[in-house]
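Written out below as structure tokens is the structure these notes cover.
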């Protein structure tokens, strides 16, 4: 996959990440972006979103607690992203349970742009039109055919698609990766997926190959999680240790420790 100094390039740029995200994990997303080396801006007012995207390095839209104002802001921001060539990451949190969120994704694809869709396996399979098991915002899916779902959805939206679970899957419609790092403790703290979406926005803001940048973001989260669990086996202390280890993560570490199968 060639030169893979994804984290180094991101930290050299210190990309400004415009986040329109949910109220549950907004603080976690801001803190993990800072620890990673990016600059977060949690700007969701619909009358500010268009202008702010024009000075941003990437736009992260998380649909977790989608209000009407956030919906309007997300659509306007995506239009600005298209006009100003700013990459967009979408996290379709809870889309199998709330069909309105699919309408919002399709509207963003129609009038704006989507570069990466990052969701759990249940959400991605649902968006791809495949049978999936979910409960609220959580996936109960066993991961069967997950890479196929990513590939189908990547072709539909002409973007990168990442599906997270016990294994993580990434596809650009032609190439793919399967990531086998991680720890179950990441499922015991609220917002691990939301934080990962923010990291995907940070890496894609400064690295051209978005399949590689997305894979690097997932490896960063998973390996930081593994290292955090070595020191902290309880959810509260683990959450703090996770951010500490994101602060210390490096390209050398993720590619040496990473268990990745390129497809």
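In case you wondered, yes, glycine gets a Cβ from its N, Cα and C as well.
Listed in Swiss-Prot for this protein:
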- 42, 191: substrate binding site (BINDING)
- 118, 164: ATP binding site (BINDING)
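Taking the features listed in Swiss-Prot, we show where each one sits on the structure.
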residue: 42; record: substrate binding site; Cβ contacts under 8 Å, 6 or more apart: 19, 21, 26, 29, 30
residue: 118; record: ATP binding site; Cβ contacts under 8 Å, 6 or more apart: 89, 90, 91, 161, 162, 164, 193, 196, 197, 200, 214
residue: 191; record: substrate binding site; Cβ contacts under 8 Å, 6 or more apart: 24, 25, 28, 29
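Other Cβ atoms within 10 Å of the Cβ of residue 164 (ATP binding site), summed over all protein chains shown, number 28. According to DSSP, residue 164 (ATP binding site) is assigned to a strand segment.
Under the DSSP three-state reduction, residue 118 (ATP binding site) is assigned to strand.
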